[in-house]
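Down below is the structure, laid out as structure tokens.
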Amino acid sequence: MSRPIQALIDPAALERNLAIVRRHAPRSRVMAVIKADAYGHGLLCAAEALAEAEGFALLELDAAVRLREAGYRQTILLLEGFFDIDELSWIEQYRLSTVVHHPEQLAMLEAVRRRATLDVFLKLNSGMNRLGFTPTEFPAALEHLKANPAVRQITLMTHFACADEPDRNDSIAAQLQCFNLAAGGRYMPRSLANSAAILRFPEAHADWVRPGIMLYGSSPLAHTTAEQLGLQPAMTVSSRIISVQTLRPNDGVGYGHAFRAGSSMRVGIVAGGYADGYPRHAPTGTPVLVKGRRTRIVGRISMDMLHVDLSEIEDAGVGSPVTLWGRGMPVDEVARAAGTLGYELLCAIAPRMQRVT
């Protein structure tokens, strides 16, 4: 028998969330971001649910190869590009597209100029200051690619730093202006908008949008919930109570007795801890569902177990179902209580946790 903790993946939710992307950007092609094992949801499971997207974006070359070998014919984009010249033969063989964001990649492309045919996304650093050519470097990089016979098609791209922050619209306007100036009057396909920009900045939709977190049912916006956006959770992490303890006043529970009972109370011990991907730093008070009713985490999260307050759920006992996040318990709410983001919780699901659909 396996432990009762599992991640239930809902392909229908992925499909519905993709439909919301299209509703917001009806004239753009969709590059579904499925990096980090599709944000913890499973690469091929997510790809099947998102098969209507015109493209997939990820980081790992081996994952891109798996997609092609599974029969997906869409554009498949490597978001960090290639790291070694030997990877270019794989990129060509599997008809992958690659981001180019620094001069060393240009040099490697130059070395195979007579031996390859590649589609390239040229990245501008418009203010994120992470990857990409500066506005000064960008025109020369573009001309370099245009002169290289190995390069078949060029798409221009950038990435927004503050699209999720409603009081930082000036930052987005500045990045958009920077991109438009660097691109000039050249007609080439363009890709700018991540999830937050898809929802907030239609002027940035361009030819390709790149939704990530919104596909998985988490909100990219700090002050708007996934439910308000119509997004549905694609992952529900559930478990069961495996033991019940009755605490007397001032009894502690778990390591360090970080929580002590103020009065007599029942505590449920749940199969699930930080080795499964639940955040160790989640404090007492972090919300959880037991038998579909809200209660709270108490005490310190341990490697394999956590503790829930059963004071108001008198009929709960060993075997009672627990929802750690997902349907009925938004991952963003749990993340906020733990001082992190829904992105991190979804991506942190441990390999030992069973995923089911």
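Each Cβ is built from the backbone N, Cα and C atoms, and glycine gets one as well.
Around LYS35 (active site, proton acceptor), the C-beta neighbours below 8 angstroms that are at least 6 residues distant in the chain are ALA57, LEU58, LEU59, GLU60, LEU79, GLY212. According to Swiss-Prot, the feature active site, proton acceptor maps to LYS35 (among others), an assignment based on sequence analysis.
A helical conformation is recorded for LYS35 (active site, proton acceptor) in the three-state DSSP classification. What Swiss-Prot lists as N6-(pyridoxal phosphate)lysine is LYS35, and the listing cites sequence analysis.
Taken from Swiss-Prot, the feature substrate binding site applies to ARG130, MET303, supported by sequence analysis. Within the same chain, the residues at least 6 positions away from ARG130 (substrate binding site) whose Cβ sits under 8 Å from its Cβ are HIS159, listed in sequence order.
For the recorded site, TYR255 (active site, proton acceptor), the DSSP three-state label reads helix. The 10 Å shell around the Cβ of TYR255 (active site, proton acceptor) contains 11 further Cβ atoms across the protein chains shown. Annotation comment: Swiss-Prot describes TYR255 (among others) as active site, proton acceptor, evidence class sequence analysis.
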Do you know offhand how many angstrom separate MET303 (substrate binding site) and TYR255 (active site, proton acceptor) by C-alpha?
11
Near MET303 (substrate binding site), how many other Cβ atoms are within 10 Å of its Cβ?
11
